[in-house]
Amino acid sequence: MALLLRVVLLCGVADVTRSLSITPPDQMMIEKAKGETAYLPCKFTIGPDDQGPLDIEWLLSPPDNQQLDQVIILYSGDKIYDNYYEALKGRVHFTSNDLKSGDASINVTNLQLSDIGTYQCKVKKAPGVANKKVLLTVLVKPSGTRCFVDGSEEIGNDFKLKCEPKEGSLPLRYEWQKLSDSQKMPTLWLAEMTSPVITVRNATSDYSGTYSCTVQNRVGSDQCMLRLDVVPPSNRAGTIAGAIIGTLLALVIIGLIIFCCHKKRREEKYEKEVHHDIREDVPPPKSRTSTARSYIGSNHSSLGSMSPSNMEGYSKTQYNQVPSEDFERAPQSPTLPSAKFKLTYKTDGITVV
């Protein structure tokens with residue numbers, strides 16, 4: 001009876017002293033792909049002695065351990081504060097609308113590589129305090145995978161089949177398959193079926209066909225296709241000769257173009273020089289006024305030998321004889337013809353000419 005009473009008392013003490021606790025998550029490490037949403041669980045129970053206000057706090061510890069823990073979301077005084085950490089602003093939310101029910105889990109949306117780290121859920125309700133940690137790893141799915149042939153696809157040649165993803169977190173796994181014809185990979189290739197590169201030696205036409213390469217990691221996969229056509233060797237001598245002839249023809253055409261351009265420039269330069277010389281040799285035409293004055297001046301020179309007594313009659317006669325067309329017509333020669341005059345007068349009954 002005393003033993004039974006002691007067991008009952010111990011159980012009662014255990015019930016009375018039970019305090020706030022957090023249920024351990026099923027996974028202590030969570031892996032998600034970039035762009036996805038991560039669910040971080042944090043479910044707790046409250047003891048009968050926990051009568052203080054409820055405070056919930058989520059913190060992030062960066063993986064480099066060189067930065068201080070960052071508060072990313074907080075619940076205190078029946079209010080939620082989710083603007084503490086700029087890198088996660090608008091991307092972290094509580095999953096429950098009633099946090100007092102015992103669920104403080106959060107969702108982190110649109111995951112980025114910068115979100116990698118250790119997340120800690122801390123629940124306080126005085127006098128109880130509890131916390132749990134979970135590690136979040138963000139991986140990049142393989143994408144942008146490209147399949148191609150490195151080398152000449154000719155019978156007897158050596159070349160390589162390559163499978164290269166544009167991005168993807170390591171480790172990556174590769175798997176090659178033949179999709180056409182017999183759908184059987186050549187025996188010599190079996191050792192490289194899980195490699196990003198397959199080396200083909202002494203190729204034959206049997207290798208022709210459609211191949212696929214699948215790239216995988218822990219969060220996703222990607223695939224590319226390749227068509228391989230192994231053909232007989234080409235006439236390399238003819239190809240080389242054609243290339244040489246084409247190069248020579250191109251050089252000849254370029255030379256002709258340069259020659260024609262040079263010749264045209266010389267002709268234009270010669271025409272400009274000849275035109276310039278002609279303009280310098282031709283004297284400018286005399287004005288009509290200077291021609292008339294020369295004509296009158298020559299007449300005045302002839303009058304110098306006459307006596308003053310005869311000047312009056314001569315001036316009336318001769319100035320009226322100056323042709324008007326000489327003032328209107330441009331001179332044909334810089335030298336004017338000499339003028340001839342006839343003067344008749346009488347003296348003492350004798351006529352003088």
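Heads up, the Cβ atoms here are built off N, Cα and C, so glycines get one too.
Under the heading compositional bias 'Basic and acidic residues', TrEMBL lists 270-283. Summarising the annotation, TrEMBL assigns compositional bias 'Polar residues' to 287-316. Per TrEMBL, domain 'Ig-like' is recorded for 25-137, 142-217. Taken from TrEMBL, the feature region 'Disordered' covers 270-316. Taken from TrEMBL, the feature signal peptide covers 1-19. Residues annotated as transmembrane segment in TrEMBL: 240-261.
Restricting the average to the domain 'Ig-like' (142-217) gives a pLDDT of 93.
Secondary structure counts, DSSP: the domain 'Ig-like' (142-217) has 9 helix, 33 strand, 34 coil.
The DSSP breakdown of the domain 'Ig-like' (25-137), given as helix, strand and coil counts, is 9 helix, 55 strand, 49 coil.
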